[in-house]
Ligand SMILES: NC(=O)C1=CN([C@@H]2O[C@H](COP(=O)(O)OP(=O)(O)OC[C@H]3O[C@@H](n4cnc5c(N)ncnc54)[C@H](O)[C@@H]3O)[C@@H](O)[C@H]2O)C=CC1
Ligand SMILES: O=C(CO)COP(=O)(O)O
């Protein structure tokens, strides 16, 4: 299987480095300058400094070159996925597209697989998601991810093609569960960061993770996900990583909210838009997601952290 990675951010570059250990990989950067700089320095200094690009990895800014390969990994932020698909629809039509983003589209409430189906119905799609920091993958450290694909045979082929020495892939046909787990855990990570940032303690964080997981299940199962998927790498696994590590940008945004300090708006934080998308969807579906609602209130500046904690602690007492 010949491979291209579309999007030369931290994650796209890390995946390309790992996959290049198996054979030639083409990495597409949208700017000519970035592609030239990466080819010259053999590093992605802007997004993933300190990791050398192997010789079998070529960087290009020509989508026609990247689209010569049949299987394309799409590693752009969730809110940019539709633009990418529409901008390059002619080139991507009929390809196998593996979404590598985590989130829910704000304008539609759709996850990555559904956005691909909406924009390019002829494309074959899959999702690669789970607990993994880009710098861990690029450093060759062990990671395990979920490869979700509704077409079981294609899923098996992709699992074989994308598994590398340090990247172990488990497959699933539950694309809804994988999409929802990867998206919703980022919202809970923001909440956990806020609690730690405000000095409310690790017991409070454990409570938020557990009740946050209950919220993730409530939404995902209502959409048709399987509970085992939520309990796997793409759900529980990624929540555990992102809610406990300062390596996570979502968690770091939460820390800033809890400490009352500014956060660099240029950093990709998927959970912010996703929290708003999920809260709107929960209203439409008549689902109660109190932690998500508090995260939205914090992000919008409508709620202080103390008010959010009071709102959560004074909810009616109920069975677990
Ligand atoms: N960084 C990480 O450790 C991990 C990231 N992810 C996911 O990967 C996705 C991408 O994140 P990162 O690579 O970390 O972000 P990043 O901020 O490092 O890079 C994003 C890249 O997307 C490109 N881009 C933005 N808009 C675009 C458009 N309209 N067309 C084409 N390219 C566009 C940017 O130029 C940039 O190269 C996110 O959904 C994230 O949740 C998943 C697992 C790990
Ligand atoms: O999804 C990730 C780890 O699995 C990356 O987390 P952040 O996007 O919060 O940095």
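The backbone N, Cα and C atoms fix where each Cβ goes, and this holds for glycine too.
The annotation active site, proton acceptor is assigned in TrEMBL to 185. The NAD(+) binding site annotation in TrEMBL covers 7, 8, 9, 10, 11, 12, 134, 249. Positions annotated as NADPH binding site by TrEMBL: 11, 30, 102, 134, 249, 270. Summarising the annotation, TrEMBL assigns substrate binding site to 102, 249, 250. What TrEMBL records for 102, 130, 132, 185, 238, 248, 249, 250 is sn-glycerol 3-phosphate binding site. Here TrEMBL flags 4-153 as domain 'Glycerol-3-phosphate dehydrogenase NAD-dependent N-terminal'. Per TrEMBL, the feature domain 'Glycerol-3-phosphate dehydrogenase NAD-dependent C-terminal' maps to 174-309.
Known features from TrEMBL, placed on the structure.
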{"residue": "8", "record": "NAD(+) binding site", "Cβ neighbours (10 Å)": "26"}
{"residue": "9", "record": "NAD(+) binding site", "Cβ neighbours (10 Å)": "21"}
{"residue": "10", "record": "NAD(+) binding site", "Cβ neighbours (10 Å)": "22"}
{"residue": "12", "record": "NAD(+) binding site", "Cβ neighbours (10 Å)": "25"}
{"residue": "102", "record": "NADPH binding site", "Cβ neighbours (10 Å)": "28"}
{"residue": "130", "record": "sn-glycerol 3-phosphate binding site", "Cβ neighbours (10 Å)": "26"}
{"residue": "134", "record": "NAD(+) binding site", "Cβ neighbours (10 Å)": "21"}
{"residue": "185", "record": "active site, proton acceptor", "Cβ neighbours (10 Å)": "33"}
{"residue": "238", "record": "sn-glycerol 3-phosphate binding site", "Cβ neighbours (10 Å)": "27"}
{"residue": "250", "record": "substrate binding site", "Cβ neighbours (10 Å)": "28"}
- Could you give me the DSSP helix, strand and coil counts for the domain 'Glycerol-3-phosphate dehydrogenase NAD-dependent N-terminal' (4-153)? 53 helix, 38 strand, 59 coil
- Between the binding-site residues 30, 249, the one whose Cβ has the fewest other Cβ atoms within 10 Å is 30
- Which whole-number value in Å describes the distance between the Cα atoms of residue 102 (NADPH binding site) and residue 248 (sn-glycerol 3-phosphate binding site)? 13
- With DSSP, how much of the domain 'Glycerol-3-phosphate dehydrogenase NAD-dependent C-terminal' (174-309) is helix, how much strand and how much coil, in residues? 100 helix, 0 strand, 36 coil
- Task: Determine, using Cα-Cα distances only, which of these recorded positions is closest to residue 11 (NAD(+) binding site): 130, 185, 238, 250.
- Result: 130
- Rounded to a whole number, how many Å is the Cα of residue 10 (NAD(+) binding site) away from the Cα of residue 132 (sn-glycerol 3-phosphate binding site)? 12
- Message: Quick test of your reading of the structure: among the recorded positions 30, 185, 238, 249, 250, whose CB sits under 6 A from ligand 2?
- Response: 238, 249, 250
- Summarise the model confidence on the domain 'Glycerol-3-phosphate dehydrogenase NAD-dependent N-terminal' (4-153) as a single mean pLDDT, whole number. 97
- In whole Å, note down how far the CA of residue 134 (NAD(+) binding site) lies from the CA of residue 270 (NADPH binding site). 15
- Message: Assuming the binding residues for NADPH are exactly those in the record, 11, 30, 102, 134, 249, 270, what is the maximum CA-CA distance in angstrom, rounded?
- Response: 23
- Task: Cα within 10 Å of residue 185 (active site, proton acceptor) is the criterion; apply it to the binding-site residues 8, 12, 134, 248, 249 and give the hits in sequence order.
- Result: none
- Query: Of 8, 9, 30, 249, which binding-site residues come close to ligand 1, meaning Cβ under 6 Å from one of its atoms?
  - Reply: 8, 9, 30
